[in-house]
Amino acid sequence: MKIKVLTIFPEMLSGYLSSSVIGRALDAGLFSVELIDIRPYSQNKHKNTDDYPFGGGAGMVMLAQPIVDAAQAHASGRERRIYLSPRGRTLNQRIVEELAQEEELMLLCGHYEGVDERALQLCFPEELSIGDYVLTGGELAALAVIDSVARLIPGVLGSSESSEDESFTTGLLEYPQYTRPREFRGMEVPEVLINGNHALINRWRREQALRITRERRPELLETASLTAEDLAYLRSLESH
Ligand code: 4GO
């Protein structure tokens, strides 16, 4: 997977991308991210990338010209092109899985009041949102897309941090996790996790996931795939 990101603030992404799991995966060549600074593509004598909005109103609008030229200069013709915006489809794990199948992505990060609509019509027909709130720029949203997609690429997560049995893959919220020490501020780690009976541990974790999902996101139980044992456990909770 090759991801190109068009931005006027490449430094907003570089620190995150060179750190931790994503940094190691990029170093290992498991996928690539190319940060493309839009500003050098500006034909304006001051290399401006924005201007006042036609029709008036607050703030500035990003110019179509530098965005379209930057996109065209880096186009392979194969990439899925996405503008990060609160107007887009809301990202979820199903969409992340779909994006992870793509060979190439090109992400556009807007700033200020947004981007001249014509740049979107010409080059970025698809819009994605990471949730119903407004950011000062699309960079944080682009990072959320890159991070969530990258961790599905084989080898990005270590074998001990597999994405298979986690929330949104099982369709349930995650069970509680504990590490050392066994007692912290008078609070003990559940005994079942210490005994080392893996069948019991798996059943306990499954029940905790079911309990937490029922408490916090009961609607997820409608679509999770549940065994007869799961349903029996959920019924046992109804009397409480
Ligand atoms: C994306 C971009 C929110 C999202 C953004 C989101 N805010 N919810 N802000 O994914 C245009 C100018 C969009 C700033 C950008």
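These residue numbers are counts, starting from 1, taken along the chain as shown.
Cβ atoms are placed via backbone N, Cα and C, with glycine included.
TrEMBL: automatically predicted annotations, no manual curation.
Keep in mind that this is a model prediction, so the values were computed, not measured.
What TrEMBL records for 1-222 is domain 'tRNA methyltransferase TRMD/TRM10-type'.
There are 7 other CB atoms within 10 A of the CB of TYR133 (S-adenosyl-L-methionine binding site), with all protein chains counted. Per TrEMBL, the feature S-adenosyl-L-methionine binding site maps to GLY110, ILE130, GLY131, ASP132, TYR133, VAL134, LEU135.
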Least surrounded among the binding-site residues, given as ILE130, VAL134, LEU135, when other CB atoms within 10 Å are counted:
VAL134
